[in-house]
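Some features that Swiss-Prot has for this protein:
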TRANSMEM  28-48  transmembrane segment
TRANSMEM  52-72  transmembrane segment
TRANSMEM  83-103  transmembrane segment
TRANSMEM  114-134  transmembrane segment
TRANSMEM  141-161  transmembrane segment
TRANSMEM  177-197  transmembrane segment
TRANSMEM  200-220  transmembrane segment
TRANSMEM  221-241  transmembrane segment
Amino acid sequence: MSPLKQFEIFPLIRLPEFFGWDINFTNSSLYMVLTVVFASLFLFAGVFRGKVIPGPMQSFVEIVCSFVLGIIKGSCGKAGSDYFPLILSVFLYVLFANLVGMLPLPMSFTVTSHIVVTLALAMVVFIFVTLIGLKKQGMGFFAMFLPDGTPNWIAPLMIFLEVCTYLFRPISLAIRLTANMIAGHTILKVIAGFVYPTSLLISPLSFLFVVVLIVFEVFIAMLQAYIFVMLTCVYLNDSLFKH
């Protein structure tokens with residue numbers, strides 16, 4: 001089986017077209033729902049019957065929340081704390097989307113392996129931080145496109161380059177996540193495929209290598225969620241403060 005077959009989208013429930021749009025419930029739709037369900041259950045497990053002396057699950061959820069809050073404060077200071085709910089939601093969605101795709105479930109699918117999903121998420125972040133910048137700084141927000149001390153003769157070129165760089169942010173954010181998920185899952189699938197045809201002597205070593213690779217892929221999944229949120233906070237910092 002092709003290692004790229006795991007990225008194919010196919011309908012699970014066929015629905016009538018909506019003004020010419022295909023709105024079938026696909027394997028991608030299923031795993032998006034599962035991602036939200038798992039992320040919601042994770043948070044619910046942390047707050048359900050919360051105690052002054054937290055149990056293991058409550059402690060773990062609090063550690064994750066504190067970790068995300070630390071990223072926000074490290075990039076944006078206390079002013080960024082107001083946006084903690086959204087940043088936490090983005091972090092958990094990316095994290096669980098990456099991890100759920102690695103579970104041995106039927107029709108296992110990683111939604112973040114498709115650029116349309118990551119680009120949509122990146123556009124939400126991009127529009128959000130842009131609106132925050134316009135609200136906080138007003139017309140002064142556009143000053144970020146012309147660095148202080150820029151000579152007048154080169155100002156038009158600098159503005160053009162800065163605007164292009166700003167508009168490219170969601171694209172780079174989406175491509176980075178998608179490329180890493182595709183590469184990691186493809187390599188894992190290819191190497192795992194070598195375990196079956198190898199001899200009994202080599203198979204245990206191959207299996208051990210696959211286990212190590214899975215652990216590494218889990219690390220990459222968590223790292224990509226961290227990078228996505230870190231860059232989101234960096235962009236938020238640009239919108240909150242004049243530079």
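Any Cβ shown, glycine's included, is placed from N, Cα and C.
Within the same chain, residues 7, 9, 28, 32, 83, 86, 90, 93-94, 97, 141, 144, 169-171, 173-175, 177-178, 232, 235-236, 238-240 sit at least 6 positions outside the transmembrane segment (114-134) and bring their C-beta atoms closer than 8 Å to a C-beta of that stretch. Cβ atoms under 8 Å from those of the transmembrane segment (200-220) belong to residues 99, 102, 180, 184-185, 187-188, 191-192, 194 of the same chain, restricted to positions at least 6 beyond its ends. Beyond the transmembrane segment (221-241), the same-chain residues lying 6 or more positions past its ends with a Cβ under 8 Å from any Cβ of the stretch are 68, 71-72, 74-76, 79-80, 83, 87, 90-91, 94-95, 98-99, 102, 112, 125-126, 129-130, 132-133, 136-137, 141, 144, 169, 173, 176-177, 180-181, 184. Same-chain residues lying 6+ beyond the ends of the transmembrane segment (83-103) with a Cβ under 8 Å from its Cβ atoms: 31-32, 34-36, 38-39, 42-43, 64-65, 68-69, 71-72, 76, 109-113, 117, 121, 125, 128, 132, 177, 181, 185, 214, 217-218, 221-222, 224-226, 228-229, 232-233, 236. Counting same-chain residues at least six beyond the ends of the transmembrane segment (52-72), those with a Cβ under 8 angstroms from any Cβ of the stretch are 42-43, 45-46, 80-81, 83-84, 87-88, 91-92, 226, 229-230, 233, 236.
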